[in-house]
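Enquirer: Have a look at this one.
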Amino acid sequence: MPDVKTASHTVGTAEDRVDLKTMGRAGLKDFVAEHGAPRYRGDQLFNWVYGKGVSDFDRMSNLPKRMRRGLQRDATVEDIEIVEQQQAADRTVKALFELPSGREAETVLIPAIDERGEARRLTVCVSSEVGCAMGCEFCATGRMGFRENLTPGAIFDQVWHMNEVAQEHFGRPVTNIVFMGMGEPLLNYDAVLDSISILTDEDSLNLSAQKITVSTVGLARRIKDLADDQLRTNLAVSLHAPDNETRSRIMPVNEAEKTSLPALKEALQYYFDKTGRQITYEYCLFKGVNDSETDARNLADVTRWAPSKVNLLMYNPVEGLNFERTSEAQLDRFVQVLVQEGVTVTVRRSRGQDIDAACGQLANEGEDA
């Protein structure tokens with residue numbers, strides 16, 4: 001390929017070629033070096049693919065013609081596109097993306113609107129997988145099962161395109177990213193880390209790592225890996241119950257000893273000791289399941305060992321699932337107990353419910369089993 005001579009520049013089939021969007025900067029530099037080109041050509045490729053959004057090798061004008069021919073033969077740049085878009089009454093936007101495999105993933109743009117009607121913050125909720133293997137009993141995505149891991153480029157493209165949507169609808173770029181869409185991010189660990197590296201690169205979207213939150217059901221080993229890899233992103237743990245018995249009933253991942261509450265606590269202790277970063281706990285309230293005052297006190301005991309905050313969510317109903325949202329009165333009592341126990345707590349109000357874009361509702365209805 002690259003700067004070396006080639007016997008032929010016949011374009012191979014898509015199956016034969018390497019998708020450059022499976023790689024970040026380091027991977028692109030390795031790729032060109034393995035094909036005989038200087039490593040700086042990988043930096044140039046990165047700028048074209050992730051900085052300018054160019055997938056046509058002929059347009060990459062600072063690459064030698066011979067290298068462009070080699071890339072056409074050996075590589076491809078697989079983009080994903082929005083095939084459907086909806087806007088909710090609260091101005092939340094949900095987009096459906098088609099992947100190269102033909103499967104689809106959903107992404108949500110969530111505006112925080114101020115008193116003047118302007119968006120002071122624009123958050124993209126990205127998917128890291130199609131479907132999810134975790135099987136949480138209350139989640140629409142979990143009912144799908146696992147279908148496909150997204151590449152770093154497919155994760156990046158969600159933000160790239162939603163950034164364009166943000167400019168179109170709100171006149172400003174995306175400010176925050178949360179890995180809280182379809183899938184368990186830490187089960188697609190390498191691709192998620194590569195995508196974060198791309199998104200925060202100054203030659204790409206140049207987003208702040210401190211504006212990115214990675215959410216997990218609590219995969220203990222991978223939480224330790226996050227600590228070791230020294231990401232400056234935020235960590236959110238989908239807790240949803242303060243005791244092993246209840247959590248195992250609604251979140252099957254908790255049944256295994258290595259991902260149970262004690263194992264999770266030990267991993268979070270490791271994470272905090274290594275990073276010193278505050279931990280966020282996500283806690284969705286289900287009527288009669290985890291919303292009692294005793295549950296609130298137990299939640300305080302589970303979370304206050306280190307600087308943390310608790311985000312309370314009201315359940316977003318999913319057709320066919322036997323969960324109900326707690327009452328506003330019970331929510332108020334729950335909050336009151338947490339505050340009395342010294343817990344920092346925020347009530348997160350759902351956005352985009354009328355277009356099934358709220359937490360736990362992402363599941364493309366057209367997806368075959």
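Yeah, the Cβs are placed from backbone N, Cα and C, and that goes for glycine too.
Keep in mind the model is a prediction, meaning the values are calculated, not measured.
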Enquirer: Looking at Swiss-Prot, which one out of Ser208, Ser215, Ser260 binds S-adenosyl-L-methionine in the same site as Gly183, Glu184, Ser238, Leu239, His240, Asn316?
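Expert: Among the candidates, Swiss-Prot records only Ser215 at this S-adenosyl-L-methionine site.
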Enquirer: How many other Cβ atoms sit within 10 Å of the Cβ of Glu106 (active site, proton acceptor)?
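Expert: I count 24 other Cβ atoms within 10 Å of it.
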Enquirer: Give me the long-range Cβ neighbours of Cys132 ([4Fe-4S] cluster binding site): same chain, 6+ apart, Cβ under 8 Å, in sequence order.
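Expert: Within the chain, Cys132 ([4Fe-4S] cluster binding site) has Cβ neighbours under 8 Å at Cys139, Thr141, Gly142, Met144, Gly145, Phe146, Met182, Gly183, Glu184.
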Enquirer: Can you count the other CB atoms that lie within 10 A of the CB of Cys136 ([4Fe-4S] cluster binding site)?
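Expert: Taking all protein chains shown, Cys136 ([4Fe-4S] cluster binding site) has 21 Cβ neighbours within 10 Å.
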Enquirer: At the Cα level, what's the spacing in Å between Glu106 (active site, proton acceptor) and Cys136 ([4Fe-4S] cluster binding site), rounded?
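Expert: So the Cα of Cys136 ([4Fe-4S] cluster binding site) lies 18 Å away from that of Glu106 (active site, proton acceptor).
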Enquirer: Quick one: average pLDDT across the domain 'Radical SAM core' (118-354), no decimals.
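Expert: 95, rounded to a whole number.
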